[in-house]
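According to TrEMBL, the features are:
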COMPBIAS  14-25  compositional bias 'Acidic residues'
COMPBIAS  55-65  compositional bias 'Basic and acidic residues'
COMPBIAS  76-87  compositional bias 'Basic and acidic residues'
COMPBIAS  119-131  compositional bias 'Basic and acidic residues'
REGION    1-113  region 'Disordered'
REGION    119-138  region 'Disordered'
REPEAT    207-240  repeat 'TPR'
Amino acid sequence: PPNNLNVWSKATEEEQEEDFYDWEETQQHIHIKDTQTGGGAGDREMEAGGGQQEGKQDDSLKKEEEEQEGVTVQQEIKEEQEVKVQQDGDSQQEDSDSELKEEVGLPSEFDNEYLREMEKELTEEEKESRRQQSLSLKEAGNAHFKRGDWAEAGRSYTEALSMCPVCFSRERAVLFSNRAAARLHLDLKEQAISDCSRALELDPDYLRALLRRAELYEQTEKLDEALEDYQKVLERDPNNVPARQAAMRLPQQIQERNEKLKDEMISKLKDLGNMILRPFGLSTNNFQVNQDSTSGAYSINFVQNPNNNNR
């Protein structure tokens, strides 16, 4: 009996020690024990119990693997859908870019070479028919203009320009000039200047377009260009009152503007000079600029004490 008690105590201690291991290590420990001792009934029961636990664990692992495979499949499907959406978006973007390039590449009524190419196959009767259609559109534009509907007038003139064949340069010049007038009322002065210039390219003697461009130049403070156009008007029409008045008014304005620009430039140069000379204890006041009244040339003199009035 004492021997049996010792065996039972030893077995109990070993079982308590096994509780501190993970299940895989426990099964390995039991298997080794069974091999060494030949395997008792209690050991076989523990091994059987461990086998059941191992089977359950295998089932659990299998279930987890199946769930993981399901998640992986779902992720792959989702990624494929995202790739497809991205490809569709890229395709739509490419289509949009292509449409934009096509729109940018469309020629306007200014492109005479394109219009000539398009009109090569037109017969004289067809060209005349298009001219008549453009004249009707011009009259519609004039009606809108008289009612003060400048935007609609501009659209009518633009449509007329797209219809009028390039061989009718005089008619196209009038359309450009009329559209310039409409754009002037819409405060689109730069575009109006462009239309006047286009009209003058088609008809250099078109005084109304020349006078209109001169007025636009003056309104946009391009005084030199305005004076040049007014002088051209006077060359063709010496009795033109607006051009004559402007030719007398603008030279003084141009001189005043130039003086103002010169003063601003000198002030900026002086500020720059002071910044450079300051580390040397000097300033631009140490340099006096004198202009020769006869030749108009300038000379620069260095002054040691510019604030000394007795010097």
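Cβ coordinates come from backbone N, Cα and C, glycine included.
Taking DSSP states H, G and I as helix and E and B as strand, the repeat 'TPR' (207-240) has 27 helix, 0 strand, 7 coil.
Helix, strand and coil residue tallies for the region 'Disordered' (119-138), in that order: 15 helix, 0 strand, 5 coil [DSSP].
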